[in-house]
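One structure is given below, encoded as structure tokens.
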Amino acid sequence: MAPGPFVRADRGRCRADTPEAGDRPDPRAGRRGRRERNPVTGASAFAPAKINLALHVTGRREDGYHLLDSLVVFADIGDRLHFSAAEGIELQVMGPRAAGVPTGPENLVLRAAALFGPGQSARITLEKHLPRAAGIGGGSADAAAALKGLAEFWDLPLPKTEEILALGADLPVCLAGCPTRMRGIGELLEEVPPLPLLWVVLANPGVAVPTGAVFGGLGTIAGTPMDPPNWTDFASFSRWLRAQRNDLQRPAQMIAAEIGTARAALEAQPGCALARMSGSGATCFGLFAVEAEARQAARAIGAEHPGWWVAAARVL
């Protein structure tokens, strides 16, 4: 069965391809153009961290794809891509999280570039700030940013929906870049009511959790969909979110007990309204209403677990 069309949200509050310096917003940019462009240096695009605040597995198709119902948001921390002139397609990976990131044809950024067809040329520099294979959409966010950045750099339309979805289930929602209810195999996107101001602390204990093994540990699938989105402020949002779940959390934690340790560390922090795993793991998030409490929590967890990747971020 061919995937159906997906919806890309274009309203101002939904856009996440902001001109951050490194992996943080540049306050000098204000609300102006969302992607830098210079006829000499080229273009750049931001790839924000994707967070599944809730993820229900509601079934499985005959072709093996799992059906999902997920509330997806994006944070103001992420990777960054730069595009400049070159002969052919080149990819350079740099930054604090560059180790282990493939630079060959299996990299989703190069696969995204290939969707524009032969004859294109660009040097793509990927600054990695997010841990890879961590349940926060690093690879998918990078590919989505590459699609948007290269479409502008080459002045071409985006590739076909089916081609984009073939890169991964998270690609459509990463292209949307806003708080979204994602259903189906990732192709059905719906905007949700405006969120209150949210802060998250992301904690990755540095363990690998293979996505296939996590889904394989689900067992019998009879999951219910999420409750209809319904909130007006942080208190009502956190109550609604606590009533939802991440169906992948249990099988992931059976593979890596450190996920439970990360959740417990987040839950113990003052101001944390909820701690849960994102995606298929192993990154967990803690939800906060107050920036100062989120940043203090990140400092405390980082000091207690110096080998973890820990960051406080604002939900976009």
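Numbering starts at 1 and runs along the chain as it is shown here.
From the backbone N, Cα and C atoms, a Cβ is placed for every residue, glycine too.
Small disclaimer: the values here were computed from a predicted structure and weren't measured.
Listed features, source TrEMBL:
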type     : residues                                                                               : note
REGION   : 1-43                                                                                   : region 'Disordered'
COMPBIAS : 8-29                                                                                   : compositional bias 'Basic and acidic residues'
ACT_SITE : LYS50                                                                                  : active site
DOMAIN   : 107-173                                                                                : domain 'GHMP kinase N-terminal'
BINDING  : PRO131, ARG132, ALA133, ALA134, GLY135, ILE136, GLY137, GLY138, GLY139, SER140, ALA141 : ATP binding site
ACT_SITE : ASP170                                                                                 : active site
DOMAIN   : 233-303                                                                                : domain 'GHMP kinase C-terminal'
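Where TrEMBL records a feature, it is marked here on the structure.
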residue : record           : DSSP class
LYS50   : active site      : strand
PRO131  : ATP binding site : coil
GLY137  : ATP binding site : coil
ASP170  : active site      : coil
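Counted over every protein chain shown, other Cβ atoms within 10 Å are most numerous around GLY137 among the binding-site residues PRO131, GLY137, GLY139.
For the domain 'GHMP kinase C-terminal' (233-303), the model's average pLDDT works out to 98. All chains included, 29 other C-beta atoms sit within 10 angstroms of the C-beta of GLY135 (ATP binding site). Of the listed binding-site residues, namely ALA133, ALA141, the sparsest Cβ surroundings within 10 Å are found at ALA133. In the domain 'GHMP kinase C-terminal' (233-303), helix, strand and coil residues by DSSP number 39 helix, 10 strand, 22 coil. Each residue contributes its Cα atom, and for ALA141 (ATP binding site) and ASP170 (active site) these two points are 8 Å apart. Listed in sequence order, the residues ALA49, LYS50, LEU130, GLY279, THR283 complete the 8 Å Cβ shell around the ATP site centroid, once PRO131, ARG132, ALA133, ALA134, GLY135, ILE136, GLY137, GLY138, GLY139, SER140, ALA141 themselves are left out. Cα of GLY137 (ATP binding site) to Cα of LYS50 (active site): a distance of 5 Å.
Counting every protein chain shown, the Cβ of LYS50 (active site) has 27 other Cβ atoms within 10 Å. Here ASP170 (active site) comes close to LYS50, GLY137, SER140, ALA141, GLY186: these same-chain residues lie at least six apart in sequence, with C-beta atoms under 8 angstroms from its C-beta.
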